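Here is the structure we will look at, set down as structure tokens.
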Amino acid sequence: MEAATEFVVESPDVVYSPETIEAQYEYRTTSVSREGGVLKVHPTSTRFTFRTARQVPRLGVMLVGWGGNNGSTLTAAVLANRLRLSWPTRTGRKEANYYGSLTQAGTVSLGLDAEGKEVFVPFSSLLPMVAPDDLVFDGWDISSLNLAEAMRRAQVLDWGLQEQLWPHMEAMRPRPSVYIPEFIAANQSARADNVIPGTRAQQLEQIRRDIRDFRFSAGLDKVIVLWTANTERFCEVIPGLNDTAENLLRTIQLGLEVSPSTLFAVASILEGCAFLNGSPQNTLVPGALELAWQRRVFVGGDDFKSGQTKVKSVLVDFLIGSGLKTMSIVSYNHLGNNDGQNLSAPPQFRSKEVSKSSVVDDMVHSNPVLYSPGEQPDHCVVIKYVPYVGDSKRALDEYTSELMLGGTNTLVLHNTCEDSLLAAPIMLDLALLTELCQRVSFCTDVDPDPQSFHPVLSLLGFLFKAPLAPPGSPVVNALFRQRSCIENILRACVGLPPQNHMLLEHKMERPGLKRVGPLATTSPVLCKKGSAPTAPNGCTGDANGHSQAEAPQMPTT
């Protein structure tokens, strides 16, 4: 069925006003206790009131690494869609779209219509969201190339599209950025001709001035800052240096070790702007997280989940969920863009290796039948730099699992990932969903004071390889669980129950739900002794496309 564009929930629990959507929602879950070796499961229920502001702001996005492949590609994508561009290719004419974006190209099911068919709507229609074509971009880069030149250097887009975008992008020039050579590979020094001078404290203040200038000059209501620059080496968490907000701010003032990405995170938080980390390093050290908590500013990370790791988070979930014991995961990549060149240095590769390797942890821990405590699959990650392949990353994976009675199963997968074309829609979703979360507040029957989501915005886990979560919160990596989390929270905001995929209406011998349509019965089917009527629920008796001579007779009690 073709996706509709808008809907209204007709329920006494949902109230629409010009300013807000207010929904009463019953959150049902379970708590588990252990008593004498027996697990006691206790169903619980909490009454939530969600309130979502309907007024969509004028939103600006500042990209750290704006002139890189990801930044130039995202900017080009929004411009191409805004201008409704099309261009010729060897396989025919292509038109601008937002394929790869959960919010712009995904759909959700609202339920069944009168004929028992599912009704789907665009994901973006669940709640009022900023239109991506309306986004305003700015940012920083250690390279001084304008965005048109950066787009050409990236070699991601077809030439015909580049030619049309050139006059719209050549006036866009990144602001100077922070360059600390020891945090990125030495091979990046050739690009570093556009840097902020001075001490760490002076650099922090310059970033803050840049954010304020962008907000004022572009007439923006909100700004979100997103790190899409080089992968940095890990920063050691040291008591007295970066373990608390106070210590981190003092470290910056004293000019001690702090990474460029952490400087941008601190500046964003101090300016009240959400900060999202799209690279694998530990940008959000404990001091930065504490500062975000103190200022009630959203932060999220780490590392865009775009290609090989997204497939891994599905495939391992499938294998373990099917009862197969995955024992070996070997992942090999080669790519030729600047990300690959930077990752050719061991300290930067180590950051990426950590984020890629942790993606299966929650799936392994979810099955104590297969894995004993502390047991993990062997997991090897290799990344090589091959300049010729450019942004077209090759990913090869081998998954080996144990079967029953000593058997083994091996899956080998080759995946060609257009790196920036996969990352750009993720960056778009991060900005749109983060802004939406800023307009949602809620209270509960036991805590009537309005509150927002936790500053560590774990709802964004679907979009990150190594998702951050609040202290003590479980980390979820399984892709479909992550997507369901986003969808069901947005459904709750309009008073809809979570999507459970049960479809009980279609699994009953005698449907008790009244429907209108050609397959509906005119009167309820009565339960009597003896054989049940043939196909009382409208079943045709067809199985896998093959008609049956006679529908099965179901016994009754």
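From the backbone N, Cα and C atoms, a Cβ is placed for every residue, glycine too.
What Swiss-Prot lists as NAD(+) binding site is 67-70, Asp141, 177-178, Gln188, Arg191, 228-231, 278-279, Asp303, Ser306, 337-339, Lys352, 390-391, 419-420. On its own chain, Asp141 (NAD(+) binding site) has Val64, Gly65, Trp66, Gly67, Gly68, Gly71, Ala150, Pro174, Arg175, Ser177, Asn194, Ala229 as residues at least 6 apart in sequence with a Cβ closer than 8 Å to its own Cβ.
Here Swiss-Prot flags Ser279 (among others) as phosphoserine. According to its DSSP assignment, Ser279 (phosphoserine) is coil.
Annotation comment: Swiss-Prot describes Ser357 (among others) as phosphoserine, evidence class similarity to another entry.
The phosphoserine feature in Swiss-Prot is assigned to Ser523 (among others).
Per Swiss-Prot, the feature region 'Disordered' maps to 527-557.
According to DSSP, Ser306 (NAD(+) binding site) is assigned to coil rather than to any helix or strand. Residue density at Arg191 (NAD(+) binding site): 19 other Cβ atoms are found within 10 A of its Cβ, drawing on all protein chains shown.
Straight-line distance linking the Cα atoms of Ser306 (NAD(+) binding site) and Ser279 (phosphoserine), rounded to a whole number, equals 12 Å.
For the pair formed by Thr231 (NAD(+) binding site) and Ser279 (phosphoserine), distance between Cα atoms is given as 6 Å, rounded to the nearest Å. Most Cβ neighbours within 10 Å, among the recorded positions Thr231, Ser279, Ser306, Ser420: Ser420 holds that distinction in the structure as shown. Rounded to the nearest whole angstrom, the C-alpha distance between Arg191 (NAD(+) binding site) and Ser279 (phosphoserine) is 19. Rounded to a whole number, the C-alpha distance linking Ser420 (NAD(+) binding site) with Ser279 (phosphoserine) is 13 angstrom.
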